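Residues annotated as Zn(2+) binding site in TrEMBL: A:CYS143, A:CYS146, A:CYS156, A:CYS159. Taken from TrEMBL, the feature ATP binding site covers A:THR347. Sequence annotations record features per position, and here TrEMBL assigns domain 'Methionyl/Leucyl tRNA synthetase' to A:4-407. The domain 'Methionyl-tRNA synthetase anticodon-binding' feature in TrEMBL is assigned to A:419-570. The feature motif ''HIGH' region' is assigned by TrEMBL to A:11-21. The annotation motif ''KMSKS' region' is assigned in TrEMBL to A:344-348.
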Amino acid sequence: MARHLITSAIPYINGIKHLGNLVGSQLPADLYARYLRGRGHEVLFLCATDEHGTPAELAAAKAGKPVAEYCEEMHGVQAKIAEGFRLSFDHFGRSSSPQNHRLTQHFAGVLAEKGLIREVSETQMYSPTDGRYLPDRYIEGTCPNCGFDSARGDQCDNCTKQLDPVDLINPHSTISGATDLEMRETKHLYLRQSAMKDELEAWIDGKTDWPVLTTSIAKKWLNDGDGLQDRGITRDLDWGIPVRKGEEDWPGMEGKVFYVWFDAPIEYIACAQEWVEAGKGDDWERWWRTDKGAEDVTYTQFMGKDNVPFHTLGFPATILGSGEPWKLVDYIKSFNYLNYDGGQFSTSRGRGVFMDQALEILPADYWRWWLLSHAPESSDSEFTWENFQQSVNKDLADVLGNFVSRVTKFCRSKFGEEVPAGGSYGPQEEALIADLTARIAAYQGHMDAIEVRKAAQELRAIWVAGNEYLQSAAPWAAFKEDPERAAAIVRLSLNLIRLYAVLSAPFIPDSAETMMNAFGPDAVRDWPAGTAADFEALEPGAAFTVPENLFAKIADESREDWQTRFAGTRS
RNA sequence: GGGCCUGUAGCUCAACGGUUAGAGCAGAGCGCUCAUAACGCUUUGGUUGGGGGUUCGAAUCCCUCCGGGCCUACCA
């Protein structure tokens, strides 16, 4: 039994996430966590909401609420939806927690002691009307290069020229439209990532088993242009973690907060503290401190590709730079994007299917299965309603659901609702068992390697094997001549259902539970050991109940209806 | 501009430089009747985006052209 720490990229607080966000981090992380728990490992699976930054303040203002209140409310909403998707976090924390405040300030203090933080004076656009400094992207004006009138402060969307906000002609705030912008001198802290470049590069070069997507993004940032750049870790905002040097004030930094990307990853650690505080565990250090038991922890992170730089460079710079014995990530699984019907999912434009809407129209397992079996691992992938309908109907309803249905109903009509005792397994059964034992080993191999699509494919093949067996063994024919023979076939088939429930649980937890429950609360739930015993765990004579059909098929009318309903943007 | 990823059957995807490029779905034919008209078997379908090169051998390596996507550091 090993110990696994798993974190999913923490979703931003300003609204409900779409299916693309879900499949890129939380869902595969949950799959892996459930699988490892199923295999008997000790798992700590953490996630949280990422609550700081300008967009949170703006979203709160739009909702007409104080930002703290808004975040608390949205945290509740996101937690509820996560539960709806059966995301099995051991704790779902908040980056605004007191624990994260303390820890973030602690890291800043230690990094300063090590000489890894420098102060930089710079000028930034301030908007008196908005009462805030404006990030470059919140300033628009006319591009001095091409004349485009909606060029943003960082880059012109029309001619792609990199800009500085001061270059813009007639600049204005995109928040209020105010034009009375002024340059103000302000002082900020920079993390000296450049000083750690060699150490970071050596560390990443050692990770030869990481996905190409992860290492190529990391190396690009390490070696692009002048190499790894120092990064500002403070902002002039009200909402965030006040800049402090550990427990002490930081002269000159009054009224400033840490940049959200500095404190967000630290929440992974703080979240474990919250987990203890919430009474769900009693020792967070054995997961996070290598001097206190975490040296034998395997730490895996899940995220979309947009998050990779911060997890391969920024956060490790914080951890390594501190010189303290914190657990460093062992494996970073990153994902490409899921597109929606020919375009991108977009939170800001409300395009695509959002997590709350998805749960309103279908149970979580339908989404989990489709999303995971089509996870964008090697390249961006695409969601279409036709593909979704086809996959779900075929894989879940026809292959798995119908297998459970035909076996349990046949048994009920011929032997009653108990596991038939007669006969014994013969050559056909032995062949099936050999085949499945090999397939289960392959399935485990893919899950261990976090090859999500391949694992889904193998699991499906395991389901199919049941139908093939049933067809060739034909218990309905055997029953007429040799009821004992039919009894043995049905007994094995019922055992397959129990086995499928165990194997499928990481992908489709609710349906797996329904399958398992058919055999009562005492049915063996252990992960298969790879022996013949896996196929005779059900006692002859044990009672079972015929479950309701596991999956209803998606009708063409429903699909067309959803297609229309989700064609535009979310109101 | 720079960098990275990607292009394989109608669709979604596989394939350490090594037999005849494979699966699932969709299509066609047959079989079965336990089951949600479900299941099983067989089968059609590819000049691996185009062109050139390296090699005994290329989907795979190199060059070039074409298409798609992402990143480029103050949205997160």
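Glycine is no exception: its Cβ is also placed from the backbone N, Cα and C atoms.
Annotated features, which come from TrEMBL, shown on the structure.
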residue	record	Cβ within 10 Å
A:CYS143	Zn(2+) binding site	22
A:CYS146	Zn(2+) binding site	13
A:THR347	ATP binding site	18
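Within the chain, the motif ''KMSKS' region' (A:344-348) has long-range Cβ neighbours (under 8 A, six or more residues past its boundaries) at 14-15, 17-21, 337-338. Taking CA atoms as the reference points, the residue listed as 'ATP binding site' and A:CYS143 (Zn(2+) binding site) are 26 Å apart. In the motif ''KMSKS' region' (A:344-348), the DSSP tally of helix, strand and coil residues is 0 helix, 2 strand, 3 coil. With DSSP states grouped into helix (H, G, I), strand (E, B) and coil, the motif ''HIGH' region' (A:11-21) comes out at 3 helix, 2 strand, 6 coil.
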